[in-house]
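Participant: Quick one: the structure is below, questions incoming.
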Amino acid sequence: MENIVVFQKILLVLFTIAFFWKLVKYMWSFLSMEKEPVTVLVTGAAGQIGYAIVPMIARGAMLGPDQPVILHMLDIEPAAESLNGVKMELIDAAFPLLKGVVATTDVQEACKGVNVAVMVGGFPRKEGMERKDVMSKNVSIYKAQASALEKNAAADVKVLVVANPANTNALILKEFAPSIPEKNITCLTRLDHNRALGQISEKLNVHVGDVKNVIIWGNHSSTQYPDVNHATVTTSGGEKPVRELVANDQWLNTEFITTVQQRGAAIIKARKLSSALSAASSACDHIRDWVLGTPKGSWVSMGVYSDGSYGIQPGLVYSFPVTCEKGQWSIVQGLKIDEFSRGKLDATAQELIEEKSLAHSCLN
């Protein structure tokens with residue numbers, strides 16, 4: 001009788017082990033199931049920023065190391081051969097996450113089924129051109145691309161405008177793609193945000209990863225306001241305010257601001273070419289945080305549709321501090337704005353109001 005009981009107990013243990021082994025195998029297969037690919041559009045893909053960003057996307061820097069992607073690359077007809085060369089290099093790189101590549105000069109084909117759109121293509125300002133001439137060219141480009149996105153992209157497409165004037169190009173795109181939610185159209189000020197982090201890191205001789213919560217307010221232009229009033233640095237003694245550690249308000253209110261504002265021009269002077277690597281990396285940061293979320297206790301800067309927060313006119317695409325969760329961004333509320341900052345916020349808003357008016361005059 002005792003032998004039977006022992007045998008039954010052994011059977012029960014073996015059954016339990018077998019059950020849990022099957023459960024573990026099932027869970028492992030479920031967790032290791034490959035995700036559905038996300039289709040990412042990059043316009044101006046044969047250009048400098050495009051060439052820098054597509055391998056970053058293919059390697060997982062934008063959407064995560066386990067997210068397969070399909071790349072749609074768009075450029076103008078004169079760049080078609082160069083664009084095809086970029087496609088060849090992507091194939092040759094054999095990126096495991098890259099599940100497909102489309103290289104085209106057809107905007108309708110490029111926008112088909114896209115989940116994320118990175119709008120790098122635009123008309124650059126050339127010597128002797130007036131602002132209105134550049135605006136007129138870009139209004140025409142973004143009007144056409146907005147229409148193609150609205151017609152062909154996924155209903156929940158997330159759009160990031162990189163090409164300058166980025167804020168106003170995003171505004172034009174929104175106006176001509178009314179079915180795309182306004183919260184799904186943003187512009188890039190993360191490059192300026194990262195530049196501000198880098199300057200504080202260099203000044204204090206700390207790792208850039210220990211600096212957080214700088215803010216870029218306003219336009220992606222020389223009127224932007226890099227603000228460190230709420231920024232902190234993680235030290236061995238805990239988090240400390242940047243202003244306290246720098247201990248030089250004169251530098252923070254003058255040289256720091258102008259260095260960040262004019263960093264793009266400084267890079268052009270040094271390289272004889274505009275920022276490409278840093279712009280591409282920042283665009284990846286922007287989308288990654290938007291899709292996957294910002295770390296708890298941290299915010300980032302994004303050009304988003306103003307809802308009137310901080311006294312900024314609704315209907316402008318303006319850079320605010322935001323947090324992101326579950327694919328949605330939210331403007332950080334309740335930050336104290338001193339008199340110096342108020343003047344800076346209003347000045348860059350005024351420039352955006354003027355740009356908006358200029359863009360509408362080009363449409364008319």
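Glycine is treated like the rest: Cβ placed from N, Cα and C.
According to TrEMBL, the protein has these features:
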ACT_SITE  HIS220  active site, proton acceptor
BINDING   GLY44, ALA45, ALA46, GLY47, GLN48, ILE49, GLY50, ASP75, ASN138, VAL162, ALA163, ASN164  NAD(+) binding site
BINDING   ARG125, ARG131, ASN164, ARG195  substrate binding site
DOMAIN    39-185  domain 'Lactate/malate dehydrogenase N-terminal'
DOMAIN    189-357  domain 'Lactate/malate dehydrogenase C-terminal'
TRANSMEM  6-24  transmembrane segment
Participant: Could you tally the C-beta atoms, other than its own, that fall within 10 angstroms of the C-beta of ALA46 (NAD(+) binding site)?
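Facilitator: Counting Cβ neighbours of ALA46 (NAD(+) binding site) within 10 Å gives 26.
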Participant: Could you tell me the maximum Cα-Cα distance in Å between the residues recorded as binding NAD(+), namely GLY44, ALA45, ALA46, GLY47, GLN48, ILE49, GLY50, ASP75, ASN138, VAL162, ALA163, ASN164, rounded to a whole number?
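Facilitator: The two farthest binding residues have Cα atoms 18 Å apart.
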Participant: Can you give me the average pLDDT across the domain 'Lactate/malate dehydrogenase N-terminal' (39-185), rounded to a whole number?
Facilitator: 95
Participant: Quick check for the class: what is the C-alpha distance, in angstrom and rounded, between GLY50 (NAD(+) binding site) and ARG195 (substrate binding site)?
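Facilitator: Per the Cα atoms, GLY50 (NAD(+) binding site) and ARG195 (substrate binding site) stand 20 Å apart.
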Participant: Enter the number of other CB atoms within 10 angstroms of the CB of GLY44 (NAD(+) binding site).
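Facilitator: Total other Cβ atoms inside 10 Å, all chains included: 24.
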Participant: What is the number of residues in the domain 'Lactate/malate dehydrogenase N-terminal' (39-185) that are helix, strand and coil, as DSSP sees it?
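Facilitator: Helix (H, G, I), strand (E, B), coil: 69 helix, 27 strand, 51 coil.
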Participant: Closest of the recorded positions to ARG195 (substrate binding site), Cα to Cα, picking from GLY44, ALA163, HIS220?
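Facilitator: The smallest Cα gap between ARG195 (substrate binding site) and any of the recorded positions is with HIS220.
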Participant: Let me spell it out: for each of the binding-site residues (GLN48, ASN138, ASN164), count the other Cβ atoms within 10 Å of that residue's Cβ, using every protein chain shown. Which one has the most?
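Facilitator: Buried the deepest by this measure is ASN138.
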Participant: Between HIS220 (active site, proton acceptor) and ASN164 (substrate binding site), what is the CA-CA distance rounded to a whole number of Å?
Facilitator: 8
Participant: What number of additional C-beta atoms lies within 10 angstroms of the C-beta atom of the residue listed as 'active site, proton acceptor'?
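Facilitator: Result for the residue listed as 'active site, proton acceptor': 29 other Cβ atoms within 10 Å.
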